[in-house]
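Visitor: Please read through the structure below; I'll follow up with questions.
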Amino acid sequence: MTAVRVPGAPIISDGRLVSTSPATGAEVGRLPVAAGDDVTRAVERAREAAGWWAGLGFTGRRERLLRWRGVLARRIEELAELMHAEGGKPVPDAIVEVLTAIEHIDWAARNAGQVLRPRRVRSRLILAEFTGHLEYQPYGVVGVIGPWNYPVFTPIGSTAYALAAGNTVVLKPSEYTPVVGQWLVDSLAEVVPEQPVLTAVHGLGDVGAALCRSGVNKLAFTGSTATAKKVMAACAETLTPVLLEAGGKDAMIVDSDADLDAAAEACVWGGLTNAGQTCIGIERVYAVEPVFDAFVGKVVERAGRLTVGADGSDIGPITMPGQLDVIRRHIDDALARGGRAVLGGADAVQPPYVRPTILVDVPEDSLAVREETFGPTLTINRVRDAEEAITRANALPYGLGGSVFGRRRAVAIARRLRSGMAAVNSTLTFAGMSTLPFGGVGESGFGRIHGEDGLREFGRPKAVTRRRARSLLPAMTFERTPADVARLVKVTKLLYGRRR
Ligand code: NDP
């Protein structure tokens, strides 16, 4: 049977989630919806597997995760084709996404031991008779909830790091990309057949909510800010720790000494790749007055060349049909408030596609500047100087990534962006650098995936002190004498009492 996607509504048929192409409506696959206590049972199985997985140690897990990485690398075209079929993403973009995910599995597998393993920690003079020991122990079972826009990169950003740290994972993929989610699970099971260290539960938002309440030991969520708040509220009931990777409205600043060709190229890529459905996508640009017109001209020239359509195009369909209305509303609002479309515009939305749209001089209080559009649209506004650009870029409650083009002041500007990440003279590149942490501030969430911080996110710090000699200055004992206390006072003043 061929199912046709109802715009905005996923299809559930006979207890199965039917996944369809946003471009053609053709069925891509169907998966059983988790019902009753399926989610709890999946978590229980993952908990049983967690003991075995943790017991393999860093070396055993590294070997298995590197095998998984190998499967993804060898089957990269197959996975990219599936991502294209299910989410509409152009195949080259899907290849880049999988490559980035592979790099993260590789780095997490190779570095978990060094970052998390037990180590001695230096003690200080007041407890010199003790040694300190620190290690990061796995939580147990980590629940991972993922979005549809990067159905491989986002779940793996949490999953690879959680697994490398010794946890098992129960994944709830987006209802729009469950087949890709299941592919990831099955590919790991091929090389780790012994235990279900990664399993998936499928369904709509209620399945995600059930995962929050299922007894997982930590919940890693990637998705919209609105859902992140619901996830945190649900997890608060059991004090389940959360990692929240939420939405964004990333800005790019173009300074007066920027290479305008490079800035325009990166801007078009950073804003329009994956049809603009990118959490760290550039949505707003602030270009300083002296370069504004030249920069806009170069952006329009490049964006105007992009092809839109199904197979082989630069820009594919909008994955989630309901998003088309949001994009249309943002464009209409910008134009109604005096913004100008220098490319695309009012009739850009032609379901399931949206033509590239560049809006200039858009009021700062319009929807297109303030809210996540998630379409192939960009606002470019002129600013007096870099100071004004920073003020405007930092004016929103979101703070995920960002980009700065320039020479002399670029790094200083990047450091002042209120965001978790920033790219200088490029866009989005921090996502692929496995040695750097990834995450936001404010309404973009908290906690980090990737890098050393991303590994530590999935391990509980365990601190142990160990006595190695008798205490010369007994403090933590009822056996201490008044003379001991007097000596403590003296030492305190000696060590810490200086005025500077
Ligand atoms: P949603 O917030 O709609 O959904 C994210 C996931 O949460 C889905 O699997 C969804 O299931 C599930 N979910 C829905 N309701 C609940 C609930 N009450 N409790 C638990 N889970 C629930 O986001 P989208 O899938 O639309 O993804 C797009 C958003 O993700 C954008 O805002 C984007 O910026 C953000 N994002 C953030 C990234 C980051 O790293 N910061 C990276 C990528 C995207 P279902 O699909 O079945 O509704």
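Cβ from N, Cα, C; glycine included.
When I checked TrEMBL for this same protein, it listed these features:
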DOMAIN    17-464  domain 'Aldehyde dehydrogenase'
ACT_SITE  GLU245  active site
ACT_SITE  CYS279  active site
Visitor: Over all shown protein chains, what is the count of other CB atoms within 10 A of the CB belonging to CYS279 (active site)?
Guide: 27
Visitor: Determine the mean pLDDT over the domain 'Aldehyde dehydrogenase' (17-464), rounding to the nearest whole number.
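Guide: The predicted confidence over the domain 'Aldehyde dehydrogenase' (17-464), as a mean pLDDT, is 97.
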Visitor: Can you name the residues of this chain that are 6 or more positions from GLU245 (active site) yet have a C-beta less than 8 Å from its C-beta?
Guide: THR154, GLY157, SER158, ALA220, PHE221, THR222, GLY223, CYS279, PHE438, GLY439, GLY440, SER444, GLY445, GLY447, ILE449
